[in-house]
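K.L.:
Pasting the relevant annotations from TrEMBL:
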- B:43-140: region 'Disordered' (REGION)
- B:388-407: transmembrane segment (TRANSMEM)
- B:453-472: transmembrane segment (TRANSMEM)
- B:479-506: transmembrane segment (TRANSMEM)
- B:555-579: transmembrane segment (TRANSMEM)
- B:585-610: transmembrane segment (TRANSMEM)
Amino acid sequence: MEERLYRSASGAPIALRPRQHSASCRELAVRCPRLQLRSLSAVTSAVWLAAYGLFVLSENSMVLSAAIFITLIGLIIYLHFVKIDQESLLVIGSLGIQVTSSYASGKESTTFIEMGQVKDVVINEAIHMQKVIYYLCILLQDPGDPQGVSDIVPLFQSSKPRLDCLIEVYKSCQEILEQRKTAPQPSGIK
Amino acid sequence: MDGDCGVLWGKVSPWPLGTGDNGVPWGKLHPWLLGMGDNGVPRGQRGLMGKAKSPPFGDRGQQGPMRRTGSHENNGVPRGKVSPWPLGQGTAGSREDKGIRWGAASTGAHGPPGGWARRSLSAGPAGPRRPSPSPAEGAGRAAGEQRCWVYHCSRVAAMVKQYVSEVQRVTKVNVSVLGSWSNSKQEKEESLSEFLEDLGTIFSHEPWIQISKEGNSKFWSCSTLQKHSNNPKEEEIILVYYDQRKVMLSHLHPPLDTAASTDRKADDASKLSAIFDTVAKSKVLFMTDRYDDGPIKLTHWQSDGVEASIIVELLKQASVPACMLLTFLLSVISGICRSRVLKFWPLSFLWSKLSTCEQLGYRLQHLQVISSNKKAQNESQLMRKANIFVSLLIDVALGILLMSWLYRKNRIGHLADTLIPVADNVAEELQDLLQWLMGAPAGLKMNRALDQVLGRFFLYHIHLWISYIHLMSPFIEMILWYVGLSACLGLTMALCILSDIIALLTFHIYCFYVYGARLYCLKIYGLSSLWRLFRGKKWNVLRQRVDSCSYDLDQLFIGTLLFTILLFLLPTTALYYLVFTLLRLLVVIVQGLIHLLVDLIDSLPLYSIILRLCRSYRLAAGVKFRVLEQQDGKPLRLLMQINPLSYSSVVQTYRLPTYSCYPKDSWTSLCKKLFLGELIYPWKHKGEKQD
């Protein structure tokens, strides 16, 4: 239940909070770095200085009101659509895996993947910009081919934890996924 | 004793989640809990899906297998209420005594909707509405109880089995009795639990689920009985709460890429759709309420009477004659449209060129769809009809708004007054342009003779056009006034008329473009052919290739002469062609933007968007889970909510098909056509023959 501090791929501090609700249900939440006040102030000052410069050149006060408007709208759009506050993974043994991203404005976007579609949860390597990073992903089963993978769903894309954090999440998930492998096959009650 | 108990029943779903005969896999069984207490489970909020989901059902009696009249013995199927009370009570024929209770009074408490049948009342003064039995009666009951246990069990089992089979027949859902529940306000009663276990031995279902709750706690405990299995391992049990009404009304949308899936894939790929399907099929059971005469009282969100709006009912009644009237009118109109008179050549050509007629035909088609008598077969057809209806309504409303704005303060008169001066202005600008071309445009030196010929030809054309416009000017205002009235047919119609008016007013530009393009095209072909002659080659039409050819001397001489003439006249023609093509493209762009707007209004699924905004649970992309308050030792509690579809998927799924298609030429072929001087028709409507 306690929070553990890690670092993201770009060096920002993130926190992992694992919770165990029951024997087959675990929730792993990664909290992303918050919006920094200094970056917000820097952007706002830059926009307003530019607007003031335009105002001095054009003598039109609409420029200033437009700048305020743009700043407000831009901030709202950023908080509601771009800035992710927390990403969490809820693994329920016999049900499925649920991936939730909560944005800074409180909006939550959720995806639930049924256990029948989940083949495995693995850590992959990727080349991202100039770095090689590790990321956790869910492999989806291809219905036609038992060995095939139809799709992959990458997790924690916004917080991008480093390998140590990913290993812990991976171990947690695998403990629960193993339970479904050891359980006997379902009977044919239809 | 206090508290309720009952039988769990439901459908066994094919959603095995990794567990087999041991324990109860989540989703494998859909127990319907019949009569849950209301402790901890708020009314109308959740349904307990103890290991699966199933709404309770009951049916209206008129339509279902339940018979309302008669004593409980003849009724047969106790609607989910199993009480350990001896039979023989309540045969007086009073409503209260009928059916389930068998002498027990109902608590009258309303359990949470969503899967709860009414509480079956066990003995004792438990609820507000029950008549409180006297102590003597209570004692008598207790005595009778001991005696009648065995009798009850088999009798109860028989009645329940009969009921279950009737339910299966009505809803076509494969139901069976899965277990029992009990909710006692005080400590566990031995007799009650014995009774429930006896029931378990009669119904052979593997595994037999028993859930119970004590006191005022909101945590249920669940246990399973394995009678014939050899593996005693205890499986984990998960309780999932969900809002039954929302799941029943919602429609699950499969992901778009798996839309074309095989049966096998659909079968085991999504158990969620099986759940939604089962709940939706049981819709008929939600139509009963506690005012129905019958042995069983159900509790769900409609227990206090089926919710309905009188306005909706009135509209439904009024829609039938309205639809019939509309169908009749439409058949008359389409009969007129299809008459032979309108099919003669000049008129048919005109109809095909005017976009107003296309739009009119499109809207007539829509009206035919919504006024048809057939009910919508499935969800997508219903949504389509609703989208068309709302789109038409909004269109007509906006059109009437526009019309009222135009006709107020005689704005349409002002518009007509400014139309002629605008046309004159355009003609004058064109004349200036031609004078500029006839001089030395952009410093280029033109061939004076050809320049003069072309310039004078076009100037005369403009002169004819202006005279024509002036001839029409007294009638413009009247024509415009009447044409403006057609805006009441919809905003799209008004926009189409605007586009057609622009096309008519700029007809001379179109003519110029055609003249210039044809001249230029001829010149280019002539040049290419003479260039081949110049090099001693020829185009072989039979073989579709360039072959060498020996020309005579006089052929070569004339050919070279002509080639030179054409080559030096090329800049002049090319310039005229360029100018008029640019003008034409400008007009085409303006018309194209108007058509884009019309297309947008036509194809936007407004009803679906409003539904997504206001009743987002109706359009489900999936589900989402939330972990509720836990208690050690009790099963895991989860809340299942509906995850609504995103707006972009809503628009993509429910878009209405329109008649126009976008430019079929790619940019390269368009440029090629422009270079060669071929006429371009950037927008072609579906169904038009290729030119």
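Cβ atoms are placed via backbone N, Cα and C, with glycine included.
Unlike curated records, TrEMBL annotations are generated automatically.
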K.L.:
What stretch in B:479-506, B:555-579, B:585-610 has the biggest tally of Cβ pairs under 8 Å against the transmembrane segment (B:453-472)?
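P.N.:
Per the Cβ count, the answer is B:555-579.
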K.L.:
Taking a Cβ cut-off under 8 Å, which residues six or more beyond the ends of the transmembrane segment (B:555-579) line up next to it in the same chain?
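P.N.:
Those are 433, 437, 441, 444, 446-447, 450-451, 454, 516-517, 519-520, 523, 526-527, 530-531, 533-534, 677, in sequence order.
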K.L.:
Are there residues at least 6 beyond the ends of the transmembrane segment (B:479-506) whose Cβ is under 8 Å from a Cβ of it, and what are they?
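P.N.:
Beyond its ends, the transmembrane segment (B:479-506) has Cβ neighbours at 354-356, 358-360, 363, 392, 395-396, 398-400, 402-403, 406-407, 412-413, 415-416, 419, 423, 426, 587, 590-591, 594-595, 597-598, 601-602.
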K.L.:
What parts of the chain pack near the transmembrane segment (B:388-407), using Cβ distances under 8 Å and only residues at least 6 beyond its ends?
P.N.:
363, 366-367, 369-370, 415, 484-485, 487-494, 601-602, 604-607, 610, 656
